Amino acid sequence: MRLLARHAIRLLGQENSAGEVASLSRGAIRLKATTGYLNLATASVQPLEPEKQVLRKNSPLTDSFGRHHTYLRISLTERCNLRCDYCMPAEGVPLQPKNKLLTTEEILRLARIFVEQGVRKIRLTGGEPTVRRDIVEIVAQMKALPELEQIGITTNGLVLTRLLLPLQRAGLDNLNISLDTLKRDRFEKITRRKGWERVIAGIDLAVQLGYRPKVNCVLMRDFNEDEICDFVEFTRNRPVDVRFIEYMPFSGNKWHTERLISYKDTLQIIRQRWPDFKALPNGPNDTSKAYAVPGFKGQVGFITSMTEHFCGTCNRLRLTADGNIKVCLFGNKEFSLRDAMRDESVSEEQLVDLIGAAVQRKKKQHADAAPRLHHHLHPYSYHHAYHTSRLQLQARNYSQLTHVDGQGKAQMVDVGAKPSTTRLARAEATVQVGEKLTQLIADNQVAKGDVLTVAQIAGIMGAKRTAELIPLCHNISLSSVKVQATLLKTEQSVRLEATVRCSGQTGVEMEALTAVSVAALTVYDMCKAVSHDICITNVRLLSKSGGKRDFQREEPQNGIVTEVE
């Protein structure tokens with residue numbers, strides 16, 4: 001039971017404490033509600049019959065935004081038989097010890113558990129899944145799961161001519177093939193291996209066997225953008241779905257956005273040659289925007305994870321080769337089901353509870369925490385991002401950001417067309433000062449003077465200079481700035497609250513936040529001669545009104561001890 005609690009604590013992440021694992025009762029993990037993920041707006045979902053709504057709501061595979069996850073991607077291996085230069089060095093990469101990876105029995109057990117909880121589609125990925133000797137057996141055993149509707153595989157296609165017929169007999173339903181070029185020489189240069197002919201032969205064999213394979217192509221500027229129309233032409237006589245995937249422009253420590261070719265740019269290139277290139281209907285959980293040239297046997301799709309995310313309808317979970325569950329491809333949080341499964345004291349019911357707890361931690365969208373870069377990137381950096389389990393980066397989502405244009409360049413928002421309204425914003429910050437400083441502030445004995453009054457004045461001045469401190473922030477004519485400093489003796493802290501008002505075309509939340517931040521820094525500056533164990537915390541917006549989207553946070557429950565107005 002202690003191990004199960006440790007698993008849950010690890011899942012909660014560094015920002016939460018062990019105290020948030022409220023209890024373990026009858027094998028069920030109950031997590032305390034924490035501000036920040038239970039107060040977010042619920043994403044829209046497709047209407048269901050009432051009884052199905054109840055089942056989905058109570059399912060461990062339904063997250064806090066109502067998204068029910070029916071699609072599981074399982075990475076069978078970290079190994080690959082290609083050496084694509086954007087994935088790994090020519091000599092390969094260090095692999096995890098075998099005992100750290102899931103065994104075949106563990107993979108099949110987890111697949112069964114997920115299917116019993118509501119997964120209806122499984123895709124086997126890697127690395128390269130066909131390097132496993134037991135790939136056919138795994139497909140056959142998963143296909144035998146009574147409630148599983150589809151099983152697919154994503155592969156580089158090198159050995160399809162040898163394996164596809166046995167895989168079809170085992171029950172393989174669908175097939176994705178990764179191919180970034182239709183030119184033999186370019187293929188050998190990028191993959192450092194021969195085999196382009198075998199991949200094309202594998203695609204043609206798949207068509208002959210009745211499949212409609214999906215061909216995944218990562219578009220990169222100055223690499224294969226000259227082949228965009230060639231890939232569309234590839235669909236003329238073949239019933240295949242070519243899917244252009246936007247390049248995730250991360251390399252080493254830097255974003256290289258110059259290599260990104262956006263969906264709209266690609267669409268424009270295609271329509272220059274085929275003006276009647278038209279959109280097709282999409283399913284509710286499709287990641288690809290479907291298009292086709294009239295009369296062609298195949299179609300084209302666009303996976304726009306960089307410029308237009310599809311988080312609102314995401315129904316996918318990922319299981320890594322070493323047994324971690326990932327609820328988001330772009331997230332850095334992973335949670336080991338392997339460790340829990342190998343602990344004999346953890347029951348299957350408890351394992352399901354852990355899966356449910358992981359799903360509940362899924363965010364509304366992968367860009368909601370801003371485009372952050374994480375330090376521990378898996379060596380297989382891009383092409384297998386759609387079937388590699390441990391890519392850890394946050395996507396830049398330019399189309400959703402107001403202060404950058406479509407190419408990621410900085411721009412100031414034009415508010416000229418907005419109506420002029422009365423705008424109001426409130427923000428707060430807390431400065432933990434400790435017992436000694438609390439008494440000195442209360443007695444007005446701090447050597448630099450009246451801490452609360454000076455902090456109040458500094459906050460007002462800070463609000464008025466916000467446009468000089470925050471890039472691209474509008475210079476606003478403020479009608480009122482009020483900063484309140486409160487000494488909380490019991491908490492040994494100073495609470496700062498700012499209320500800012502204006503009549504204008506843009507809001508004043510940044511002015512309110514700047515006011516409390518500058519006031520908090522002033523408290524630190526005036527008190528640092530006494531102690532450096534001062535902590536500025538809880539800087540946050542309390543409310544804003546008068547704009548397109550009002551906001552109201554629940555009021556803090558702090559007792560007022562000393563007040564300066």
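Note: Cβ is positioned from N, Cα and C throughout, glycine not excepted.
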Fill in: One of Lys214, Lys264, Lys364, Lys418 listed by Swiss-Prot as binding GTP at the site of Arg73, Arg123, Thr154, Arg316, Leu317, Arg318
Lys214
Worksheet item: In whole Å, how far is Arg73 (GTP binding site) from Cys328 ([4Fe-4S] cluster 2 binding site) when you measure between their Cα atoms?
Response: 11
Item to complete: Could you measure the widest C-alpha to C-alpha distance across Arg73, Arg123, Thr154, Lys214, Arg316, Leu317, Arg318, the residues recorded as binding GTP, and give it to a whole number of angstrom?
Response: 20
Worksheet item: Of the recorded positions listed here (Arg123, Gly127, Arg318, Asp525), which is spatially closest to Cys84 ([4Fe-4S] cluster 1 binding site) when Cα positions are compared?
Response: Gly127
Worksheet item: What is the interatomic distance between the Cα atoms of Thr154 (GTP binding site) and Ser178 (S-adenosyl-L-methionine binding site), given in whole Å?
Response: 7
Item to complete: Among Cys80, Gly127, Ser178, these being the binding-site residues, pick the one whose CA is nearest to that of Leu317 (GTP binding site).
Response: Gly127
Item to complete: Enumerate same-chain residues with a sequence separation of six or more from Cys314 ([4Fe-4S] cluster 2 binding site) and a Cβ-Cβ distance below 8 A; give 'none' if the list is empty.
Response: Arg67, His69, Asn285, Cys328
